[in-house]
């Protein structure tokens, strides 16, 4: 709550402020429901509610019932109980220390900090400096700019820039122009429905999002008619083949009221579930925000941070409540309710000027908050780079790490690319976030490339024609446009030529196709290819190949530079079963398999990838030597051993088999794969076989302490190398894997969702409770620690005269300026 300090105004002001808070709360409660109704799938309008504030001066001290640091360090309490007030830690910086003397390295040249074995120079600085950082006071500007026509009710006003962020299907300075996004391109007479855009729509097309529905005249006009549903399905041309869709012939049976035919648009769900009527099995409920076999239940859509409790999630785009903006509605403006400000702005002292109005805009407010560095500014990009990609997606599973069922309970997905959403949401809700670009140490540019590439072939507003079908080229163009936006709209890029900016490239080969203009920046990737050996595109999928991307656009840079970039772990679905079984902590004596790998092994096996270039041939070489399953020729690996499993056969209990193994193979797929995370999360020692390609945190953590690297030319000698480790060394590595496994887990993202579920439904599923009980540093905490180290150790920082800022550190921890 808040308290007033040294009032210089009348009792009437107190009444006015209280009225504002009450009005805002009432407006939020009655305008924005918990979940959208089926009316979302028809055009609708949105209106903003203006809130007037007193123009008399005031000073407000805003405190928080539960700080975000408490949430991270004791997450269980934040879910199950109400927290008490807590003030920030204002302890003094540490006294003079000699880091080299106080934190010596061990025999593996590592220094342990918070349980993890870091490379000596990194761990030494973190142990002596990061652990003792004090809070500093930062001015957080609360913006008040307005937008033209309040964005016509078809968008959200960015009150920092005074620009509209338009919903799908609307454009223009005030979002008043309606776009026409066709479901299918025009076609000749013999192919009247044209060629594919998203689904070749044989019925009603909602042209704001190019989504196909049954339409008027049917019993369920808002029922989706996605993909092949509306077209004739021909039987396979040969035994064992797949049915073929005839995109030239509409299937009129889907519209029929004749119960003896395979309908869809008129089928009553209750009758279908009771097997009383036939329906077309190829039809499905794919659009987000709908649930049930026949899309008969309206549920939550997936939005960034679910709009932070300050808006409605409309199919992926946050429609913010009055006074709030940002991709997740987490940024308050001067007309927001001050008592609802997010955790990362609390506690704060707010200075309200006597004259709040300046022309058509309200003046900015200054909130003085106490924060620990590093401070990260997150750009609020136009929605083309994030929200529109979510709102317009035609398959609810694309590029998100969760969705919602008929109870609005969370369903976690297996999408490996979900890491991008998880990190973005954590940044937006982090106490390290700042709205003050002048105080920021880093700038995050949120381009959701995982959505761009997964949707490249079906999004109506993404034009692949000029990119000759190359998704890599299309995505490069998006990053270039984001760069153009931030250098024209914001003043921050030029102060370091972008070196303090951060971009996330989540796709299979990471930042290989990053535009040359942004290469100075820090790249977050899952594929740390330095191109020292594999110096061309390694993917076997032609549409992602970047070799043919012009050097005029891409430049001549590698995919990864360990001096500035970072490999982050891939997303893995939160598995409460693995947590319950504590598979990561299984002791050595219960790990009976010596070496284990389960995955696609290429063309030598049934259903294997046909391309010889898949996995750069590495998996194939391992299988040729150690395969434990018969290949197409009926042969095992040349060096097959009883305690070695190398198989393409899908495991019945994959996690259990990993947890029953000592060493686990980590090899590429089509670029990166999630095998490193599988190994670490089940407590198995990772055996990395990919030359010149970095794994998560490998340029910061000491991999020798918990992993093994085998050169590609050493594959025939793999088992001899692994058997040369004695039991003491094996136990040492297993123990370190046990200590760091949570650093490969996106726990912060999971706990954030648990808190949202607590607020929405009043309860939390078992996964929320179990993940909230985990206490060690996770992916996000590790990421922040890496940024803090880089802030004070990257040599180029000397040029920014860092001594002008307050850092909460003693001089021994600060980067030394020259001269």
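Any Cβ shown, glycine's included, is placed from N, Cα and C.
TrEMBL labels come from automatic prediction, so no person has curated them.
As annotated by TrEMBL, compositional bias 'Polar residues' applies to 75-95.
If you look up TrEMBL, you'll see 147-157 (among others) marked as disulfide bond.
Feature annotation from TrEMBL assigns disulfide bond to 166-175 (among others). Around residue 166 (disulfide bond), the C-beta neighbours below 8 angstroms that are at least 6 residues distant in the chain are 151, 154, 155, 172, 175, 383.
Under the heading domain 'EGF-like', TrEMBL lists 143-176.
Under the heading region 'Disordered', TrEMBL lists 72-95.
As annotated by TrEMBL, transmembrane segment applies to 12-35.
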All-chain count of other Cβ atoms within 10 Å of residue 147 (disulfide bond): 22
Residue 157 (disulfide bond): tally of other CB atoms within 10 A of its CB: 27
Residue 175 (disulfide bond), number of other Cβ atoms within 10 Å: 24
